[in-house]
Amino acid sequence: MGILTLGVSVYVTACIIYATLSLAYFFLSQHKAFSCDSSCQKRVFFGLAGGGISLCFLLGNAILPQTALGGFAALPVILTTILGGWLSGLIALIITLASHGVALSDKFAIGLVFLILFAGKIWRKRPIIIALAIVFVILACRLGSMLLLDPTRFYTNIRLVYPQMVYPLMECLCFFITYFALVVKKEYVEASISMKDFAMIDSVTSLNNRKRIDQEIIKLSSETQSFGVGLIDLDDFKQVNDRYGHLIGDRLLFETAEIFRSTTRSRDFIGRYGGEEFLIFVRNADPLTVYQVCQRIRAAVANTLFLANSPQPFKLTVSIGVGMYHAGDDLMTCIHQADIALYQAKRRGKNTVVMANGAHRFNTVQFWED
Ligand SMILES: Nc1nc2c(ncn2[C@@H]2O[C@H](COP(=O)(O)OP(=O)(O)OP(=O)(O)O)[C@@H](O)[C@H]2O)c(=O)[nH]1
């Protein structure tokens, strides 16, 4: 094979590897960047994509010369392991080893490479030197086996030696191109996701901000499962601000938000609705559970000594108004009902949870006494 044709083959191969893995990576990174810590299904999918590339090389071996197939088939396995961790790598490895077209010695070398990657947990470190060293190991293995098995042919027929020298170098080149292209892609995706997250976080409390709440409201407007809507308001916060200043006020808001985080489940949604008012969606819960969750939040705030290590520790309380959303309801009306319930809680002396009874029937609102 001429050097130009080989160069084109390497380029096409690099493009196939990069396009497939980066597409799979992008697809799996919709809300959170894909990594070795992603869900099992995602890692399996990524492994299938990696194995699919090897399969594509082996079945449609028109792109690469037969003698180079083994080394190039190892590349998706290495890259899949680096980006997706052991499970993705193992799946890509199984597909590669199970397919025809790779010499037994190459299969052995690819298996060995995976074991080294696995033992070194390369997905946690991603040191390119190790990965490159592995590609060179394949090169050395190939030359070594030729020298050992048929030394006379090796010395007398230079045309046989040439591919054994050139292909592994091309594999390294291909690895370099795809590795760096994928790392750049990964960093770009991670940066854009964290920027997006950052834009949705309230700077004072680190809870979801109003923009993110509005998104969640749109998302939950067509929800088919019932959930609770709680509006939480800090009691007499103006006095704190007036007496101790906004800086202390901000620190108290942050500590209160910490209590909300620690007293709710990860599947619940909580955000800063505005000023000293917070909105919580208690997911998949019946009215009694929602009421109990809100009581838990109220009690946790009331029992906390805020700014405990400062010379001026505080006691704070919250009032909570609760509404229930059921499939088909208008969520904004539900939030409005929670607001009315919050108003009732304030009127009844604060530090109270008031629930809009039968919040799905908006014309007959009654309130449960705390
Ligand atoms: N420090 C700080 N204060 C805020 C922030 N946002 C709103 N506030 C203050 O929260 C206070 C809310 O006051 P009010 O609406 O009168 O309510 P309240 O004093 O808590 O009284 P009740 O709601 O009736 O219990 C105001 O003093 C606002 O300035 C903020 O980001 N940081």
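For all residues, glycine too, the Cβ spot is worked out from N, Cα and C.
Copied over from TrEMBL:
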- 225-358: domain 'GGDEF' (DOMAIN)
- 6-28: transmembrane segment (TRANSMEM)
- 44-64: transmembrane segment (TRANSMEM)
- 70-95: transmembrane segment (TRANSMEM)
- 107-123: transmembrane segment (TRANSMEM)
- 129-149: transmembrane segment (TRANSMEM)
- 161-182: transmembrane segment (TRANSMEM)
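When Cβ-Cβ distances below 8 Å are used as the criterion, the transmembrane segment (70-95) is approached by residues 13, 17, 20-21, 25, 34-38, 40, 43-44, 46-55, 57-58, 64, 102-103, 105-107, 109-111, 113-114, 117-118, 121-123, 126, 131, 134-135, 138-139, 142, 167-168, 171, 174-175, 178-179, 182, 186 of the same chain, each at least six residues removed from its ends. Under DSSP, residues within the domain 'GGDEF' (225-358) fall into helix, strand and coil as 59 helix, 37 strand, 38 coil.
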